[in-house]
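Reviewing the structure listed below.
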């Protein structure tokens, strides 16, 4: 229907050209602002506040969260909510106050209790994500104070534990594994059980509130008084030829979007929350920005007798609150209340809170209408027959939502004004003519994350009116809406609706309906997982209708008596419960080498939380600094004929291999195994290879220039690219593995096969890649210095190698280059080789342009160029006895190394070190490291080891399935004796007493209550049709190697100590352990005051001219090696000081530390010592042991896997710092869950990465980790060849995450056996190949894409 409305002619707009706002209580006033500037860009480049970090630029990680506070002059109250500053336009915050983590507290004014608790609960590792986490929690605390809940005890807040956990559900962390972060947040909750909180520095045994840093809810004023007095709605802001308008009426709006705009070539952007740019990245430059939020009709929620009308700029969060609070009048039905609350509940699972707080309902629907955005809102509103009002140039139109979505895309002159949700129509007797009529409404979504922050594979909303008669439940009317399944917009399943209306529910009716639904919900070509999405539609419809039918197929009238049927299905009831249960952390601290062995707080944790810790991109830009961005190839093998920029006016230079100085090499990275070019020369070697470096005045302009650059390719007369390992083998395109890196075979394979009772030949496994997802992307700053020198600040794990590469590229001596690294915002191997070309490109550009050049690589480019973990194809042949004892194993392994060697030739050795964890009798193998036209793969946390360990488990599972034995039994049967361990590992096996795995395994079986839980899992599976549990236990052996490392310790005149080491602080606590070691070793002087030495020690940044031969920070052993280097230095210093101390003691009776150092300086004692620790060849390799039990629950209707509990035990020797090691163990394990269960690092057919951000790449979040994660760190006593008996913890625990994958396989096996019985087949299912990662589509496919149909058929045939 159309409704013509006469609009009054436009009035002139008020001119008020200034933008006034506050940041952390400081006033800012701007008269000229580029309207495309984001709040993040302004804060980072024009203020001293650097705690807001750019993690993704999509609103998907929470690193840039700030608290935005507004004053409502009518209600005289302040509104506070968190927003993603990377998406918030600066012009939109007029009159607002912004609070960042520095605004809560800092090192000068004192830290906020949030910062102190994050530090004390060991909830910050690299620290890059921590300020955003702190703001998310602060926002929840501030808003909880506005509730009418009872006043909490002093020091607590009004927050609930559930809200505390959910406050960070939109934040990503790649280091910690989330458990300690959740504990820090929960410590503020009024309903927390203090005993449930995990390991912290505030108490050792009995939890006491008074031990926690005191929380005062009135400490921070979020909105300063001065803003209340001067806030006016700014209507126009001009900047060069761009303008920002804030119209106050529809008339003003109409004049601004008038006909002239498009015809004059004026680009107009309508703005509400601006969150759409997180999904649809902008490359257009707009002339006119129109902020719609101040037009009353667009921002109000109105209720009439017949509907709720929602203004188009109302935020999702505001709508949620309104729908939850909506109390329907007595003359309306409680069913309406139920429907509105369920809509609100569904909306809470969309995006993250920082997005929902500003994203508008209208903006979401317009994105869906214009750009086919896979919207949940459109689907849910379609089910309740919503209508929309739009304003075109001449009239207002009211359309049904369905009509609106089917219209041609709206142009920029048309505006969506409002959306209305009609109430269910009451008739004669209160509701309907028939008193036995009921309404059922339910919404569904299947997505990789339960709490949102992930697009759905399918979303749906169903509304039905049913009546109960003598014959059963009759469907009087039904609306079935589906969306997000690979079609342009949400649809109504009209075929099924028409089929069901008027019919009486029965098993057969539901069976016919679910068959029909596959036709209505049919994804378009090119959609990922089409069969899975269709099967979800079947599952959702079944889950909606089935509760109305009794399990015996009769009609279930009892469930029809309550509004909104409670399903007894596989649905989720997690809305009110907490995400995580109380977990146990069992550690043993050792006081023998105090303060070494103490669980002290990580060095710098508090300044990381407050955002004052300086990362490379936080270093202020020097004068005349330029910014660079990489232009990369989108073709795997092609000639580059030229590069054309869309606009050259903002670009200073495009640097290519032609700009390398005479005599310099085209080198971007190197290892001992080979080099990689900085830029492609005439020929690209892979999609994602660097072609050029565009340099501009700002990072934004450089990124825009690189993103829009057109590269002219030519592939004529070129061989086709090598894109698979099979093609590489066929063309003999292989990298050589040096003999010293090739592992040794064990035993005689043919003899072992001859001894076997059974054999499995040529079974295949494919393992994928994984992206690092460090929170800080690759970054560097290069500053030319005097005398042809250059200083480069790099976020890198190997400064020494970058130093050498830059020297070779620029053809200058190494003493002219200086590489400085203070801290790295997460590395995981990705900041080793892969950081070198980033530093080198900045150095080359700076050298050429004679000015500083920096880059902060955007997330998309980083993901495309990163390379990541090595994909591989494995074939195995095994021989084994009838009892499961393995006699022989042969492996053929093809590793996809990509275009250059990187560290790939090391992989065979690494893989075997972890794969040999079982006694395979005889072990033989053939490795081929394949050179392909893919980006070169690099080290990623446990490179090779995680694949090797998984292959061993796959072999065990296969044998167990073949023989119908319990996999755990087969594992135990094939454990090593110490003799076989020695045979397989040689000297790395150490002494018999060091082989702790058998005792750890027994301990774990007891502590995890394993046998009892197996029984309960069996019982659960017998009693549940649509949910199945699985439980699995696995051991790990992970051999590591200690490498040479330098150290330097200097004592300054005031007695403070400065330490330099080769190792880099990546968040793994290296600096903390080094500080502890320095304090312990220097205390051997035995004078007064040495017990306070820990506070006197500072570890400083790595500098390649000060600390040469720094080596690699990788392989889990750099912390202990750095500690040993420091120990050697301290021993020298102690030796120099002891004799002086004795003399002074004779003279004065007692000597304190400060006096001793002052005297030493006066007597010219050398107070600095350097060392280079070189481990002995016989003891440099050793094995780490661990074991884990994981229990999961699989939803057979959606394929969702919930990890219910994991129990781990890990041998740290004598831990140098149990708190740091615990963080490493949990963090590694959760990163392993990502690899095995969630993360798909996909490429297109030409090898170009297509998952390039947080929308498409899903790392674990707080709602996808184990609900209960119990960790015991075994203190296994003295290991004479280790550093103070300690062992590594950084990488080995990642391997234990395979226990989750194995448990999932066990649950799927139960589901498949049930499916067989429905099909009328006997026996157990054969071996299943569960892919890595075991995502929802993978799991559901194995559980049966048509399991619902088979279930219904089985009921039908049995009746």
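Every residue, even glycine, has its Cβ placed from backbone N, Cα and C.
As the structure is a computational prediction, the values presented were derived from the model and not from experiment.
Listed in TrEMBL:
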- 17-104: domain '2Fe-2S ferredoxin-type' (DOMAIN)
- 56, 61, 64, 86: [2Fe-2S] cluster 1 binding site (BINDING)
- 126, 129, 173, 175: [2Fe-2S] cluster 2 binding site (BINDING)
- 237-426: domain 'FAD-binding PCMH-type' (DOMAIN)
- 270-277, 360-364, 376, 416, 445: FAD binding site (BINDING)
- 797, 828, 941, 1115: Mo-molybdopterin binding site (BINDING)
- 1291: active site, proton acceptor (ACT_SITE)
Note to self: Whole-number answer please: how many Å between the C-alpha atoms of residue 175 ([2Fe-2S] cluster 2 binding site) and residue 276 (FAD binding site)?
What the structure shows: 29
Next item on the list: Write down the Cα-Cα distance for residue 61 ([2Fe-2S] cluster 1 binding site) and residue 828 (Mo-molybdopterin binding site), rounded and given in Å.
Entry: 18
Check: Within 10 Å of residue 173 ([2Fe-2S] cluster 2 binding site) (Cα-Cα), which of the binding-site residues 61, 274, 941?
Finding: 61
Next item on the list: Output, ordered by sequence, the same-chain residues six or more apart from residue 61 ([2Fe-2S] cluster 1 binding site) with a CB under 8 Å from its CB, or 'none'.
Entry: 55, 129, 132, 171, 172, 775, 1254
Check: In sequence order, which same-chain residues at least six apart have a C-beta under 8 angstroms from residue 941 (Mo-molybdopterin binding site)?
Finding: 828, 829, 1228, 1231, 1290, 1291, 1294
Margin query: Cβ neighbours within 10 Å, counted over all protein chains: which one of the binding-site residues 276, 362 has the most?
Written below: 362
Notebook entry, point to check: Including all protein chains displayed, how many Cβ atoms other than that of residue 56 ([2Fe-2S] cluster 1 binding site) lie within 10 Å of its Cβ?
Noted result: 27
Checklist line | C-alpha spacing of residue 1115 (Mo-molybdopterin binding site) relative to residue 364 (FAD binding site), in angstrom | finding: 46
Notebook entry, point to check: Taking the centroid of the Cβ atoms of 797, 828, 941, 1115 as the Mo-molybdopterin site, which other residues of that chain lie with their Cβ within 8 Å of it, listed in sequence order?
Noted result: 827, 829, 830, 832, 939, 940, 943, 1066, 1113, 1114, 1116, 1290, 1291
Next item on the list: List the same-chain residues at least 6 positions away in sequence whose Cβ sits under 8 Å from the Cβ of residue 416 (FAD binding site), in sequence order, or say none.
Entry: 312, 362, 365, 366, 388, 389, 390, 391, 404, 410
Notebook entry, point to check: Between residue 56 ([2Fe-2S] cluster 1 binding site) and residue 276 (FAD binding site), what C-alpha distance do you get in Å?
Noted result: 14
Note to self: If you compare CA-to-CA distances from residue 1115 (Mo-molybdopterin binding site) to each of the binding-site residues 64, 86, 272, 276, which comes out shortest?
What the structure shows: 64
Margin query: When you rank 64, 86, 126, 797 by Cα distance to residue 360 (FAD binding site), which of the binding-site residues ends up on top as the closest?
Written below: 86
Notebook entry, point to check: Inside 8 A of the center formed by the CB atoms of 56, 61, 64, 86, which other residues of the chain have their CB, for the recorded [2Fe-2S] cluster 1 site?
Noted result: 40, 53, 54, 55, 57, 58, 59, 60, 62, 63, 84, 132, 1254
Checklist line | Secondary structure tally of the domain '2Fe-2S ferredoxin-type' (17-104) (DSSP, helix then strand then coil) | finding: 16 helix, 31 strand, 41 coil
Notebook entry, point to check: Do you know offhand how many angstrom separate residue 272 (FAD binding site) and residue 64 ([2Fe-2S] cluster 1 binding site) by C-alpha?
Noted result: 19
Check: Within 8 Å of the Cβ centroid of the [2Fe-2S] cluster 2 site residues 126, 129, 173, 175, which other residues of the same chain have their Cβ?
Finding: 124, 125, 127, 128, 130, 174, 176, 775, 825, 826, 1067
Notebook entry, point to check: Counting only residues 6+ apart in the same chain, whose Cβ is under 8 Å from the Cβ of residue 126 ([2Fe-2S] cluster 2 binding site)?
Noted result: 174, 175, 608, 774, 775, 776, 823, 824, 825, 826, 827, 1066, 1067
Item checked: Neighbour tally for residue 828 (Mo-molybdopterin binding site), based on other Cβ positions within 10 Å of its Cβ -> 33
Notebook entry, point to check: Expressed to the nearest Å, what is the distance separating residue 86 ([2Fe-2S] cluster 1 binding site) and residue 274 (FAD binding site) at their Cα atoms?
Noted result: 10
